[in-house]
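I have a structure here, written as C-alpha cells, and I will follow up with some questions on it.
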Amino acid sequence: MKRAVVLFSGGLDSTACLYWAKKNYDEVIMLTVNYGSNEEKVTNKVAEFFSKELDVPLKIVRLDFLEEFSKLRGTTLVGGETPKVTGEELENIEVAQETAKSVWVPARNVVLIAVAASLLDALGGGDIVVGFNAEEGATFPDNTPEFVEKMNEMLKYGTMAEVRVVAPLINLDKRGIAKLLKELGAKYEYSNSCYMPKGFTEDGKPIHCGECESCVRRHRGLIEGIGEDKTVYAVEPKI
C-alpha cells in the first residue's frame, strides 16, 4: 500500500500536492504544523476545509520552540509586518532575496520534514509530499532539488522504515502549478497564500491582503497560467 503524508500549509503549492497525492496514493494524511505564524488560524481552517472536501485525515502539530526561535531571529512571518511588493519588484533579484530573508523561519523545512518523517516512521514508512517548486527555489534554498536530495540521504540514516521526500512540483513555476490545479479540479479559491490574511468571506474563502510577495506570486501565476483568479483580495495585487 502506498502511503503519503502531505505537508500542508494552506497555499496553492500544498493544495496542488494534496490533490495530486489523493490521486496517486492509497493512503493520504495531511500534516499541518503550527509555529505562531501570522496566518496560522486561517491556515488551520483551510486545512480543515480541504480535509473534509477530499476526505483526508488531518493532523495539526504545534511546535512552540519554532515560534520562539522565529521571534529570536526576528522573522516578520511570526508577529511582524511582512514586506509589500509589486510584480515588477519580484523580478528584481535583490528585492526578492530581501523579502525571502524577511520571512525566513529558521530551518523550517528541515524541521517540518523531520516531523513528517517521524510520523511515517511510526506508521511503517511512506512518502513526504512537499510543495517545493522552481519559482520559490530561486530565492529559498530549501525549495531546491539539491535540498530534496540531501534530505533523502539523511532519511536513509534517520528512520527505521523507508521514508523519502517527494516534490511533484519541483520543476514548475506558479503558472505551471495553476495549470495543474485546474487539471485536478482543485477549489484553489479556498486555499490561502497570504502572509497577512484578513479573515474569511461568508462562504469560507480566505481574504488575501493582495500586497505581500506571496499574494502577488499567486495572482500572477493564476492569471498568466489559467487566465483567471477566483481568489478574494482586500487589494488587487499589482502584477
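For all residues, glycine too, the Cβ spot is worked out from N, Cα and C.
Since the structure is predicted, the reported quantities are computational estimates derived from the model, not experimental observations.
Swiss-Prot feature annotations, pasted as is:
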- PHE8, SER9, GLY10, GLY11, LEU12, ASP13, SER14, THR15, ALA16, CYS17, LEU18: ATP binding site (BINDING)
- CYS194, CYS209, CYS212, CYS215: Zn(2+) binding site (BINDING)
Distance between CYS212 (Zn(2+) binding site) and SER14 (ATP binding site) at the Cα atoms, whole Å?
19
Counting only residues 6+ apart in the same chain, whose Cβ is under 8 Å from the Cβ of CYS215 (Zn(2+) binding site)?
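Result: SER193, CYS194, TYR195, HIS208, CYS209, TYR233, PRO237.
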Are there any residues in the same chain, six or more apart in sequence, whose C-beta is under 8 angstroms from the C-beta of GLY10 (ATP binding site), and if so which?
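Correct list: THR32, GLU39, VAL42, THR43, VAL46, ALA47, SER191, ASN192, SER193, PRO206.
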Using the recorded Zn(2+) site (CYS194, CYS209, CYS212, CYS215) as reference, state which further residues of the same chain have their Cβ within 8 Å of the centre of those residues' Cβ atoms, listed in sequence order.
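Close Cβ neighbours, site residues excluded: THR82, SER193, TYR195, MET196, PRO197, HIS208, GLY210, GLU211, GLU213, SER214, VAL216, TYR233, PRO237.
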Around the ATP site formed by PHE8, SER9, GLY10, GLY11, LEU12, ASP13, SER14, THR15, ALA16, CYS17, LEU18, list the extra residues of the same chain whose Cβ is within 8 Å of the site's Cβ centroid.
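Apart from PHE8, SER9, GLY10, GLY11, LEU12, ASP13, SER14, THR15, ALA16, CYS17, LEU18, the close residues are VAL6, GLY131, SER191.
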Return one of helix, strand or coil for CYS212 (Zn(2+) binding site), based on DSSP.
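DSSP assigns CYS212 (Zn(2+) binding site) to strand.
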Mind checking which of ALA16, LEU18, CYS194, CYS209, CYS212 has the fewest other CB atoms within 10 A of its CB? They're the binding-site residues.
CYS209
